[in-house]
Every structure is written in structure tokens, then in C-alpha cells.
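Working notes for the structure below.
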Amino acid sequence: MASTSVFLDTQEYGKKGVRLLKVYRSDNKVHRAEELTVRVLLSGKEFTTSYTEASNKKVVATDSIKNTIYILAKSSPNVGTIEVFGAELGNHFLSQYSWVEGVHVTIIKHRWARMVVDGKPHPHSFWRDGEETREVDMFVKRGATADERKAAIKSAIGDLLVMKTTGSSFEDFVTDEYRTLPDMKDRIMSTSVDAKWDFKLPTANKANFVSTIAQIPFDDIYASVRQVTCDTFAKDESASVQATLYLMAEQCIKNWKWLEKVSYALPNKHYFPVDLSFFRGTKNLQEHADVYQPIADPSGYITATVARAPNTKL
């Protein structure tokens, strides 16, 4: 029996770490490989008794959730566009189980790039070109009616490792009794980019929910955000990570009307010149530096969210 002194505030449950590879094979024998790691969590007030009264009457087994992910991947043409595949998953669980009120879907897409063999893209061979990931975190719920669907989608790039060997400075910052860092007119700038962007989404009914979501060019937006991030990082004569971050986010919002917010988290990957003066007066500091020591921790960590101003139009 449920306690009268406490109550169940929030709940979600489901399956995480569901790994799948979908291979699309075309008539011309050119294959496409999409590898995902998926998490699906269900929520709703009718799950309360599973916590408070040990009743499993409304519990969809997490193994069934895992099976559903694989079954939908089998028939879906959208596994590579993870936002649309996530919408398919969310819509399915809401349609299949009337007591489910919300579906929280998280998908990580792992990189497989097509090999170039003898100067030509190979039709069915791929290589892992880095640990960067494409991600989506989305919540699909019922609207005013059981058949209405609302979604919140946050897409992301994870662990995009970038570096430039000049074009970055850090000067004119606070000087007090705690400061030991000198002004740096030029430095190596490196970071592992985590970028996220929130979409403005329409409400739709369950019959056209997935097709409505699919009208948004998620793949193009992802490619654009990635390119803007790299281009801005390379071209900006950076006065600080903060200033470069703002330029990245601002340009992404300007480029795409669907984006409401863009967030970046940019940890500094420090490379400090090694003092070699102990060896015959070798100069390797300031303008003489060309041998550096990578320093993992501690590191600077810069985050910000840039939002579209109210009533702003492209």
C-alpha cells in the first residue's frame, strides 16, 4: 500500500543501450550502414502503481521495448535520420499503449564513413572516422486529445575534436593576487565540441505526426551546424572561446528558421609550451614555441545557450 507521507513525484522506465546496425541495400549494390545506440523510456500516471503497489498490470516489459526498437528499425526507411526514427518510436508507443502519456527517446548515431578505394567510393566498405557522434534527445507526448502529438526535439553533435595552431589569443583578463597566467597573444586552441540545438515544432495528430516531423531537413541542419562550427572555429581570430562560441551559435540560428536555441559546451584542450631552457638555453616559450605538452586536467570549460529573439524572422 502506498505511503501517505510521501508520493511518487516523477517516473520513467524503459530500455537503454539498445545497439543496432541497419544496412540499406539498393538495386545498384551500393549499401548504406547506420549504427545507433537507442534508449526509450515510458511515462504516465498509470505506471504509479508499479512503484507504490507492486502491480505490473500496466508495465510493458523493457524486453518488449527492446524488441519493438528492432522491429521498427526493420521496416523504417528513416533509421539514419535519427530525429524521424525517434518520432516513429514515440508515436508507436503512444498508439500501441493507451495509458502511456510520454515517450522519452535518446539516440546516438555512430560514424561510419564510406571507404575510398582506387580513388572511388567503395559500395559496401566503411571506416570509423573518429568518435564524434550525432545525437537526439526527444520527448513525444499526447496533446489535448489522445490522438494529438506534441514533441520536443534537441539534436546534438558530441565530441567533435578540433584544433588550430594559431589565430587564438587570450588577453586583458582580470589581474589580481590569484593570477599566474600571462597574456597570450597567440596560442593553440583546441576543444571537443558538444553542440545542441532545439527545434520549434508543430502539433500534429498521430496519423501525420511522423510525416510532419519528417518535413524538417534534419540531415541538412546537422551538416550545416557542423560546418558552421568548423568554419567559424577556423576563420575567427579568436579573442576567447566565449566570443567564438557566440559567433557559432548566432550563425546557426540565422541559417535555419526551425532553430529556437543553440547551446555549446567547449572544454579547453590545453597545449602548453615546454620550458627547454635547462638544455643549453634552448628557447621554446612565447614566439619560439613549437614543442608543446598536452594537458588533460584541469581544463577550462565554457558553455552558453544562444536563443532566437522573440518575434525574430529570417
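The backbone N, Cα and C atoms fix where each Cβ goes, glycine too.
Whatever TrEMBL says is automated annotation, not expert-curated.
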Matching residue for the 5-hydroxyisourate site, where TrEMBL names THR62, ASP63, ARG187, VAL241, GLN242, ASN268 - out of PHE85, PHE170, PHE209, PHE218:
PHE170
Please state whether DSSP places ARG187 (urate binding site) in a helix, a strand or coil.
coil
Distance [Cα-Cα, Å, rounded] between ASN268 (urate binding site) and THR62 (active site, charge relay system):
39
Spatially closest candidate among THR62, ASP63, GLN242, the listed recorded positions, to LYS15 (active site, charge relay system) (Cα to Cα):
THR62
Just checking, which of PHE170, ARG187, GLN242, HIS270 (recorded positions) has the fewest C-beta atoms within 10 Å of its C-beta?
GLN242
So for VAL241 (urate binding site), how many other CB atoms are inside 10 Å of its CB?
22
List the residues of the same chain that sit at least 6 positions away from THR62 (active site, charge relay system) in sequence and have their Cβ under 8 Å from its Cβ, in sequence order, or write 'none'.
TYR13, GLY14, LYS15
